[in-house]
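Peer 1: From Swiss-Prot, here are the annotated features:
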BINDING   294, 297, 502, 525  Zn(2+) binding site
BINDING   355, 424  Mg(2+) 1 binding site
BINDING   425, 445  Mg(2+) 2 binding site
DOMAIN    291-525  domain 'PRORP'
TRANSIT   1-22  transit peptide
């Protein structure tokens, strides 16, 4: 056991904070319930590692030192802070020891503390099977939280869901109403969705329809599922090969529909699955050569271009769903929109539509008006030298920029200046779409909100059109030359070419993937074969 003198050396007390823990005190104050990473790691390594329990006196000293030593830690949140430090899968006994300590001194653990304890149970569940006693403890905590609060806040709902999915039987399905409860005040988190979808795939009798519904809800809300969901499905298919072709096809189509990159963990599991059932699946890692040629199967990836019918639908819906949306008129007027549409009818079609302000400020905002105007003129010259017809969109204040540079723009391009308060993007996209399917546009803006407002059916069509037609400025050299990023003409998400799927993957999962059109470095080349022998039930070790 640690003695109290050693504990006082490890933990700062009021007026005598440990020098190492005082580092970076000027930085942003941590949120309640958390500790800065360096101090958290020291507390974990110096005190909690390899310990399964602490004495009451030790817990008292830990608690007092944290409350006295940190302004953001108080008697209300200190318990959650401590359980946040004891959160590793092998620290369940230590976390339970602290909760028992609280109860022994007559303190009732609050919802945040019990929620943190449920997350530790869940971490242990992903490392080893939980005992019946541990599962009973989880259910008791969940029942007590729900009995005390008719409506749980979103954080408590998420914690209870993580507890319920760590149990066997049907109790995990009690998490579904909690997911609906979260929707009352917020969008359910990636963690809550993923926990339930993973469980739906991995239970003895899979709830596949439910799992896919949850995945669709997540992706539609721009919340990419965690790796564990895909791994649960792949582990299931390793044991039930009869379902592999249909379910794997659903997975690949899902990744394509929502332009999701899986992580390397999932890619490795797909390769392992392929080696387990070579009669059904052939998977290789690959990379792309010039013009999107797969270096494994030698096929070219599918062109990103959309069909004439898809372009027609996109053009017709854009005006209604984006250009005349209420928040556009908050930054513009119906009169200005009408004036712009009349201008486009008179001067279109264009080969390229340029966002003048976006170009001007793309190499930095601390430029003189003369430098800003000169950069816009340089981009116009880039396209005029290719004999392109150009439209430049800007704001009224650009009239005050360098007369020489703006004169060049005016003489070599159509120029439309909106009110200084207007949004440029809707005007830019309208003019580009109105000019036809061959017209490009020049902007660094990723157009996320516009894609979102087009809806789930048109969003992927818009994204493909955007990828094919968007140019942007990379930089301007010291000699004044510009380096332009040209569009990638092949698809960048999972898709099928003939009998082969090409699936991009990234190094690790991120809940906030970029929307940029960068070519992924890593790909899988997957061929699903027609089944020629009866499916067998393969005995494999399931990875949680």
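Heads up, the Cβ atoms here are built off N, Cα and C, so glycines get one too.
Buried or exposed, and what's around them? Tell me for each listed feature.
Peer 2: DSSP assigns residue 297 (Zn(2+) binding site) to coil, not to a helix or a strand. Other Cβ atoms within 10 Å of the Cβ of residue 297 (Zn(2+) binding site) number 18 in total over all chains.
Within 10 Å of the C-beta of residue 355 (Mg(2+) 1 binding site) there are 24 other C-beta atoms, taking all protein chains into account.
Sequence-distant neighbours of residue 425 (Mg(2+) 2 binding site) (same chain, 6+ apart, CB under 8 A from its CB) are 355, 443, 445, 447, 450.
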Peer 1: At the level of the C-alpha atoms, what whole-angstrom distance separates residue 502 (Zn(2+) binding site) and residue 424 (Mg(2+) 1 binding site)?
Peer 2: 36
Peer 1: Beyond 294, 297, 502, 525, what residues of that chain have CB atoms within 8 A of the centre of the Zn(2+) site's CB atoms?
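Peer 2: Going along the sequence, the neighbours appear as 284, 286, 295, 296, 298, 299, 301, 497, 500, 523, 524, 526.
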Peer 1: How long is the line from the C-alpha of residue 297 (Zn(2+) binding site) to the C-alpha of residue 424 (Mg(2+) 1 binding site), rounded to the nearest angstrom?
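Peer 2: It is 43 Å, counting Cα to Cα.
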Peer 1: So what's the mean pLDDT when you look at the domain 'PRORP' (291-525)?
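Peer 2: Mean pLDDT across the domain 'PRORP' (291-525) comes out at 92.
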Peer 1: Going along the chain, which residues six or more apart from residue 525 (Zn(2+) binding site) have their CB under 8 A from its CB?
Peer 2: 283, 284, 285, 286, 294, 296, 297, 500, 501, 502
Peer 1: Given the binding-site residues 294, 424, 445, 502, and counting only Cβ atoms in the protein chains shown, which has the most within 10 Å of its Cβ?
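Peer 2: That would be 502, with the highest Cβ count within 10 Å.
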